[in-house]
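K.L.:
Sharing the feature lines straight out of TrEMBL:
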type: DOMAIN; residues: 40-82; note: domain 'Transposase Helix-turn-helix'
type: DOMAIN; residues: 100-244; note: domain 'DDE Tnp4'
Amino acid sequence: MYHAAGLTRDRVEELCALIGEATGESVRRWPPVLGLYRSVVVTLAYLRRNRVQAELAEAFEVSQPTLGRAIAAVTPLLAGVLEQCVPAADDLDDRNSPIVDGTPLPCRSWASRPELSSGKHRTTGLTVQVAYTPDGRPRWVSDPRPGSRNDIVGLNASRVLDGREPSTWLGDKGYIGSGILTPIRKPRNREQPDWEVEFNRHHNSIRVVVERAIAQLKRRRVLHTDYRRPIDTFTDTISAVIALYFYAAE
């Protein structure tokens, strides 16, 4: 069970109970042939590995359309019932020197959605801003923004710094101008003095935990490899995966 779904059987059963309590007959849209339990399992398996739906359907001995309906029905329900597991921006403590970074969540290219194209990351998709503790634990994730938006635009749109002291936060050069403590940019007309080089080296050594933390957040491969379902379902999928991350960490 764990290798397929990323959760133990007990946790999967707990999820089913939460969904059952939260849904009435009118919103129970998962396929009857699968039932709630198997619909949750196939959805978790899809989110964990981003497997081709036809392949996953064969493994569960159902048709691909049936499996697709299960994923479409259960994904937003997971995001809803686990919403309370996700830390809010108000839970962040400036005294702990949060480290913020943006990360791309790739998807297929859509001709009708040019704003998803990211020149920086050379891919298409959405981006989220993530705040981490100095030991590398994600403590807040912003709403997704189009991939063409740079990090400082995404951070400002989230309003997470409103009423806070940004100088206690750390970020890379993408946040220069936000008040966050960033590396010192090298001027064009001079070399950086030793103290600036040393400051940048120390700053980067603190932020190195971010790469490991992002890898943990993207263990469910649907956020790591190109998202193939309709683009208007991507936001619900992101919310579900983030909620599952914090749920599994409890």
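Keep in mind that glycine also has a Cβ here, set from the backbone N, Cα and C atoms.
Burial and contacts for the listed features, if you can.
P.N.:
Sequence-distant contacts of the domain 'Transposase Helix-turn-helix' (40-82), counting only residues of its own chain at least 6 positions beyond either end whose CB sits under 8 Å from a CB of the stretch, comprise 1, 4-7, 12, 15-16, 18-19, 22-23, 27, 29-31, 33-34, 219-222, 224-225, 227-229, 233, 236-237, 239-241, 243-244, 246-247.
Note on the domain 'DDE Tnp4' (100-244): mean pLDDT across this stretch is 90.
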